[in-house]
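Undergrad: In case it helps, TrEMBL gives these features for our protein:
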DOMAIN    A:25-93  domain '4Fe-4S ferredoxin-type'
DOMAIN    A:193-272  domain 'Cysteine-rich'
DOMAIN    A:323-407  domain 'Cysteine-rich'
């Protein structure tokens with residue numbers, strides 16, 4: 001029959017999806033150096049787990065030797081987007097970005113997998129997304145039970161797609177943005193600072209968000225909390241659903257354009273990286289890319305902002321504890337902010353800073369990766385926990401709510417005493433203690 | 001044999017979870033770090049112990065199915081490329097350091113362990129395992145044994161074969177044998193340990209090794225010297241050895257490599273220099289201080305335009321940027337990178353470098369050369385684009401000139417990467433028909449059905 005689609009035609013079509021990255025893929029010289037740092041390869045030691053393997057598979061699609069199959073999809077899914085491969089690649093190949101292109105091609109060829117489809121359709125409807133997560137928070141006590149002193153919960157009921165023993169973050173009974181007015185005024189503000197909260201801080205770790213607001217207020221900044229802001233789009237973008245992610249980016253650009261602010265700060269490395277990357281995401285639409293750039297120019301990670309503009313250190317109270325720090329992937333290899341959070345921690349009186357081994361190694365979370373590959377992400381995390389244990393620290397700091405959640409789970413599973421915070425929470429606490437003097 | 005039956009048999013031996021056979025998984029094991037060699041295997045099998053390896057070999061031998069042992073797949077000679085289909089034998093589950101014998105200074109290590117992990121394991125005891133190929137952080141011990149890998153410290157410390165004192169090997173017929181052991185002196189029988197070391201997986205499957213460890217040197221002194229002519233650099237290398245100093249490392253970069261590194265890194269390298277030498281002497285602090293002075297003298301005598309001594313370990317790292325970044329920077333120039341390893345007696349170093357430079361010019365190909373000047377092991381690195389057929393022809397012509405040149409100077413095709421497939425065409429040139437026949441006789445004796453990594457090292461047999 002003339003209308004029948006042949007396997008060869010499918011292969012040809014799949015190849016066109018990756019055509020424009022042919023040269024970028026060819027730059028990989030297949031040395032395999034990416035094996036040394038890849039957290040997933042370290043556990044699985046399978047070639048398709050590592051960047052070289054994934055790049056080869058994409059080249060096989062391009063040359064028509066393979067087609068985009070479910071198996072290809074699952075191999076492309078085995079990436080934490082931790083960027084360790086790209087940071088250490090002798091040829092400068094940005095494998096993390098190329099793998100996202102592979103995921104994008106998979107969606108084009110095979111559609112989105114059903115679970116992601118459901119989640120993403122929820123994400124694409126902001127009011128519904130907000131309502132669902134808010135309701136979840138109101139009735140959270142029904143489904144989750146608290147783990148004392150860890151700001152973590154265990155599920156009481158089996159949850160779809162989640163390991164029953166996994167410690168997760170509690171959904172807040174009231175989301176962060178609902179607790180504050182859209183503009184938090186101070187007298188004679190130094191700067192007007194818009195706060196991009198991100199989903200996890202808004203709906204789960206409101207304590208992180210409150211700390212950011214308190215610290216900004218303490219330093220004389222007006223805080224703007226745009227109510228219509230939405231998910232930064234990272235979970236969608238890293239799944240390869242670029243079109244939807246771009247829509248979310250545009251929404252956030254429109255929202256933040258409405259406010260006159262000097263800076264836009266975020267407290268999550270991944271969110272901040274997304275805001276900085278919007279111009280690149282939207283490069284095919286120059287008008288949008290230009291608007292994205294105007295936004296990106298104002299974006300700072302909170303510790304970066306504080307160190308850049310200066311913050312008060314004369315009224316800090318002592319925290320007599322030992323702290324160690326984990327560098328989230330998107331902080332260290334995404335936006336390259338590692339010194340500022342350390343500077344802040346080291347400025348707190350009484351706080352003893354101890355560096356852990358492999359502090360910049362991925363904690364295994366990878367956002368939604370840990371949902372789909374819990375066991376693997378646990379193994380990666382156990383190594384992180386061992387490094388934490390060796391420091392004998394009381395606190396672990398991480399500038400990323402997703403890392404905080406995953407490391408907290410690791411600490412609970414390994415029956416360790418540490419508590420995980422965002423560095424800014426310790427600064428807020430120190431300001432508070434300073435006032436009690 | 002039907003593919004399905006082969007897969008079923010393999011699953012029986014190693015368990016379902018240790019057999020890969022999807023088209024995608026097979027493709028991921030169709031290549032290694034060598035450009036231009038992609039061959040699909042029929043199945044990828046990960047045995048967990050020596051008995052399983054034996055059972056796999058018995059079965060493969062009976063049914064004449066090719067077997068390719070593989071570790072990390074980082075070799076540069078297509079040594080693990082499954083040329084004729086069959087079984088890729090993935091040895092990474094052999095991942096244990098079994099014993100560290102501090103009285104005999106021997107580590108008993110399985111072949112799937114990464115070389116750097118061995119060093120990390122023995123370092124707290126003040127020991128080192130000296131072979132340090134460029135892939136030390138990724139290469140498996142088994143791969144480095146089969147390829148007899150070298151590294152930066154080859155001149156003073158030797159290469160892998162100098163540190164492998166015993167092996168556990170599964171032969172083609174499934175027999176398990178043990179060669180050598182913990183004895184420093186051992187002349188009982190043929191030196192089978194050395195035979196399997198560097199055999200590129202063509203004679204047996206190595207599963208375990210006894211490795212000799214040495215005390216970590218107490219002190220180091222590093223320096224970098226700039227030369228305006230290749231002759232001066234070459235003479236400096238020979239004169240240092242003639243002065244009875246054996247540096248731990250003595251590395252050279254040619255002008256093309258220097259310029260490429262400087263273009264990318266902007267670290268202030270002299271782009272008009274003909275060559276840079278990087279040297280390190282190590283050992284007892286008193287001896288190091290003495291040797292350092294002597295080396296400086298020799299460098300001066302040979303017209304070194306500039307000599308910089310490392311003031312601290314950090315400063316050394318900074319000075320060595322040029323060497324460390326030579327390959328990465330060259331690789332960034334073009335998509336495809338051939339790192340060759342033709343080696344000549346060190347007295348012929350200058351002559352050889354001139355042959356390489358001329359070949360690059362004659363065939364209009366980009367070649368940067370750097371390498372281990374002390375042991376004459378050069379890395380002419382050819383960067384090109386595999387997708388450009390016309391360019392590849394010129395690349396092969398240039399390679400031909402380089403290999404012939406090395407052999408004519410009394411050198412060898414490969415100092416440390418192995419022959420595999422890439423350098424096969426020149427093997428007879430170096431060894432002669434008789435030499436090849438002797439090697440083929442060994443191969444046929446140990447692997448009569450020619451199932452072990454067939455077509456490699458000695459070619460068809």
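Think of each number as a place in line: the chain as shown, counted from 1.
Backbone N, Cα and C atoms are what each Cβ position is placed from, and that goes for glycine too.
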Undergrad: I'd like the per-state residue tally for the domain '4Fe-4S ferredoxin-type' (A:25-93) from DSSP, helix first, then strand, then coil.
TA: 39 helix, 0 strand, 30 coil
Undergrad: Would you mind splitting the domain 'Cysteine-rich' (A:323-407) into helix, strand and coil residue counts from DSSP?
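TA: When I sort the residues of the domain 'Cysteine-rich' (A:323-407) into the three classes, I find 43 helix, 10 strand, 32 coil.
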Undergrad: What is the number of residues in the domain 'Cysteine-rich' (A:193-272) that are helix, strand and coil, as DSSP sees it?
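TA: Final tally across the stretch: 43 helix, 11 strand, 26 coil.
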Undergrad: On the 0 to 100 scale, where does the mean pLDDT of the domain '4Fe-4S ferredoxin-type' (A:25-93) fall?
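TA: Across the domain '4Fe-4S ferredoxin-type' (A:25-93), the average pLDDT comes out at 94.
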